[in-house]
Amino acid sequence: MPHFTVVPVKDQTQASYDSLEGINWVDYRDTGQDSFDQQDTVSSDGHGNHKEDSPFLSSPDSDGKRNDFYDRNLALFEEELDIRPKVSSLLSRLVSYTSITQGAKEHEEEESAETSRRKTPKSPNMGTLMGVYLPCLQNIFGVILFLRLTWIVGMAGIIQSLLIVIMCCSCTMLTAISMSAIATNGVVPAGGAYFMISRSLGPEFGGAVGLCFYLGTTFASAMYILGAIEIFLKYLVPQAAIFHSTDPLGNDSTLLNNMRVYGSICLSLMAVVVFVGVKYVNKLASLFLACVIISIVSIYAGATHECSVDLKCFPCCCCRICMGNVTEPSQLWDRFCLPGNLSTAQCDDYFIQNNVTEIQGIPGLGSGVIRDNMWSDYLQKGEILEKAGLQSVEAHSPVENFLNYVSADIATSFTLLVGIFFPSATGIMAGSNRSGDLRDAQKSIPVGTILAITTTSLVYLSSVVLFGSCIEGVVLRDKFGDAVHKNLVVGTLSWPSPWVIVIGSFFSTVGAGLQSLTGAPRLLQAIAKDNIIPFLRVFGHGKTNGEPTWALLLTGLIAELGILIASLDMVAPILSMFFLMCYLFVNLACAVQTLLRTPNWRPRFKYYHWTLSFLGMSMCLALMFISSWYYAIVAMGIAGMIYKYIEYQGAEKEWGDGIRGLSLSAARYALLRLEAGPPHTKNWRPQLLVLLKLDEDLHVKYPRLLTFASQLKAGKGLTIVGSAIQGNFLDSYGEMQAAEQAIKNMMEIERVKGFCQVVVATKVREGVVHLIQSCGLGGMKHNTVVMGWPYGWRQSEDPRAWKTFINTVRCTTAAHLALMVPKNVSFYPSNHERFTDGNIDVWWIVHDGGMLMLLPFLLKQHKVWKKCKMRIFTVAQMDDNSIQMKKDLATFLYQLRIEAEVEVVEMHDSDISAYTYERTLMMEQRSQMLRQMRLSTTERQREAQLVKDRHSLVRMGSLYSDEEEEPVEVPPQKVQMTWTREKHEAEKRNRNNAPENFRELMSLKPDQSNVRRMHTAVKLNEVIVNRSHDARLVLLNMPGPPRNTDGDENYMEFLEVLTEGLERVLLVRGGGREVITIYS
């Protein structure tokens, strides 16, 4: 690592230079003490972006000096320094970085500037040995090594036991490689596996796996406590048992009850110790570690001892061995026979029919017993332990003699032993949990963890071989050491005394239980403080010093459930599932990050590959189902439920995780596939662009447009919600963001799944056109536009609303997009309403590609419209065969698989009514009058426009407004109208011509084409109102706008007449392509 020497510039500004940077300045030339400026500090904005509270000193006497300094050195970046820190400030901040308690805060929000001035952080100084290697050894070696490994070797044999050890240790080694890559990819705050998984796979996976890791650690504490109590009651103080069984077959239940009582007492005492202070647990950690090391050394010392141990005990081994003539009773005779004559004594049937002898339980390395222990000898529950390879005769013994035999307490199999042994391979996360205390975490974590796993793997492998080479098979299969005077089996092998193992294993299991009971509440507190699971927030609180009181209480309750199970062999597979789930996702996180090749993935540990991660993930999954398939399904179900809960209810977090990168890669791939061509008719669905109107306060004016969109889409397909703001982008950027947030909030309320886009344009009409042209990406572009009806256009003298509306209709037609205009949208149902009856009426007048058929079907998928029936009306002219039309339409709907009633409405030719003529005349008179009024005010508006302040505040324009600006409200004293003789004469002539204009309006004759259009609108409206006045929704073909823009206002009137008297109307205009097909 390069070394730097920092020497300040020597000039007349030296006095203020030391405090100029606003950081913790260290002068290496003098005292080495920190001197702090009291006003300029580097702080964080809470999002990982460091900023300077004040890049310049605010004292008036030093302003000139500082500005002079910046003018000469950094004048080009003066504006940047107002919002961004200098490189020296940033580097000083990073140097003083210290890891904090996991999950308490994000590491970017580590501490405030004031705290950093008051406290000098203690630099971490732990190396690989003390910080990672030894803690990992202490956590990996545990209760299984001392209490169950001999039994596993006896049941599975040496070959299968080695296979079990290799499988479990290989799984943890591959996980350690993946963990090392993640841990060396940047600074990992104290937090270990949860932090790595959550920041690599996102809050959903992180929360699910974090809780699984928490449950595994909690059940591990229960397992260690049960192991300690088993040692206490079986080997240390058997007289302490509270419950005693009078039934020889009831010993198992009695032992379980004793375990429950003493386990609960021990758990309570440990919880009190953890509550009082963790420092006492940490002080005892070295003692517990010494007990583990001494116990393991004593095993190897005893195994290599040359002399065999001649056991003065009854190993109860049943085999056929010629004993020769017996002239006097032996210990075996006294045990199995009643006192009396040797020839007539009553003996146990099994004893009589089988040759029974005493053998050495620990024959030693040179005895050749390894050949007998090579293969498995699985037993069923209640089966008597016998020497493998020798036949015996089954015989029924009296119940009172059953205590003379050692029998299997549970049925054993290879899969069961895998689940029991795997917890002895866990504990590899101990180093990453201490990353905040390490001098060089990115070096120590990989080296220390991999060395610890290598060491423990070698110990397990050698122990399997030693146990199988030194101990008789029937003694190995004796789980509780009943055949060796109720001593711990592995203890009989130790040197110099069995008590070394017994006492050492007791203290090591107690220490491991304390460590688990200490770590689990802090892990839960970290998850709670990350605020990703709402119902866990209460467990983020604790004592004033940060101790997780509530989390400790919950941990104690869950651990008590494991204590009540009371069987070490049943608790071990449970925590195996949770640890395997955690390791699986550590491998998944490494594989995803490696395959995505994200720019931030730059681990210092180079000896990893995505294939190793996938192999580790596969092994974890396989071990889960090998150990216990039903436990595996339960564990995966718990993780899945937590994942979905966080996805739907939890707080959204952006941690730059790999799942987000995976989503981006998948989206890119899918978009490139979609770009290959337009979707087939069978895959066509409306991809909506919803154009919203906002009021002056940036609130959505018609939220029922979003409600309608959500009901139509039902969560499928693409929905883009857009709006346009009138103004300049540079001045209106903040307003645009506020509008986007308002729309997003309304989308969330209305449960619209989609995207929001707001554009700023000088004219709202141009903004709408920009949205229609540019929304979407690649193949995910909108094909349907939804916009509201311009209400009040008749009453307003301003033509902008309906002109923008018609312009949007023309743009959608030119872009070959479908168009939907919900009229009277405020009467549309909300998502909470239900229509229990009623009809959705479709008036199919012209063919539009099938839009009118498809839209009711999509609406009926939503619960609001589900109970409504569909009716389709079509119009027949005089020369059409209405009966045949009805049959053909029914056949067409049958082939479309759409259930609907069909009706053909005949419209007879009729004369144009006086009402139609009068309605047309009124329409044209109104249009002419408004046109004259606008012409008479043109000059005045032009003068007002000249005095308008072009830097006035940007106003929110109506979505349906034209490019003309609104009249400017200018104070009267500031308006100066310039009058010339020509303008005065023109104004005078206009006033004189007013009566003539009025007479011209009264004598106006309507245009015949307008009369015909009005006649069609009136007749259709009469038929529709007559048949569909009580319909829940009426869908209707929307006529196209006139080619000549002079008739735009008349077009609006035609649409009004066509839809009069209908409560809910949806005007539909097709996009020029078929959207529904009869083919499969």
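Just so you know, glycine gets a Cβ as well, placed from its N, Cα and C.
Those TrEMBL annotations? Automatic predictions, nothing curated.
Residues or ranges marked as compositional bias 'Polar residues' in TrEMBL: 33-46. Residues or ranges marked as domain 'Amino acid permease/ SLC12A' by TrEMBL: 132-301, 397-689. The region 'Disordered' annotation in TrEMBL covers 30-65, 102-123. Among the features that TrEMBL reports, transmembrane segment is placed at 205-226, 259-278, 285-303, 410-430, 450-476, 496-514, 550-568, 574-595, 607-624.
Within its own chain, the transmembrane segment (574-595) has Cβ neighbours under 8 Å at 171-172, 174-175, 177-179, 181-182, 185, 193, 196-197, 200-201, 205, 209, 212-213, 215-216, 219-220, 223, 419, 422-423, 426, 562, 601, 608-610, 613-614, 616-617, 620-621, 623-624, 627-628, 631-632, 634-636, 639, 658-659, 661-662, counting only residues six or more beyond its boundaries.
Counting same-chain residues at least six beyond the ends of the transmembrane segment (205-226), those with a Cβ under 8 angstroms from any Cβ of the stretch are 142-143, 193-194, 197-199, 259, 263, 266-267, 270, 423, 426, 509-510, 512-513, 516-517, 519-520, 523-524, 526-527, 530, 532-533, 555, 558-563, 565-568, 571-572, 574-575, 577-579, 581-582, 585, 589, 635, 638-640, 642-643, 646, 650, 655, 657, 659.
Scored on C-beta pairs under 8 angstroms, the neighbour of the transmembrane segment (450-476) with the top count among 259-278, 285-303, 496-514, 550-568 is 285-303. In this chain, the transmembrane segment (550-568) lies out of contact with the transmembrane segment (496-514); the count of Cβ pairs under 8 Å, excluding pairs fewer than 6 apart in sequence, is fewer than 3. Listed as Cβ neighbours of the transmembrane segment (285-303) (distance under 8 Å, sequence separation of 6 or more from its ends, same chain) are residues 134-135, 137-138, 141, 145-146, 365, 459, 462-463, 466, 469-470, 490, 493-496, 500-501, 503-505, 507-508, 510-512, 514-515. Residues 221-222, 225-226, 228-230, 232-233, 240, 242-243, 510, 513-514, 517-518, 521, 547, 549, 552, 556, 559-560, 563-564, 566-567 of the same chain, all 6+ positions outside the transmembrane segment (259-278), place their C-beta atoms under 8 angstroms from a C-beta of that stretch. Mean pLDDT of the predicted structure over the domain 'Amino acid permease/ SLC12A' (397-689): 84.
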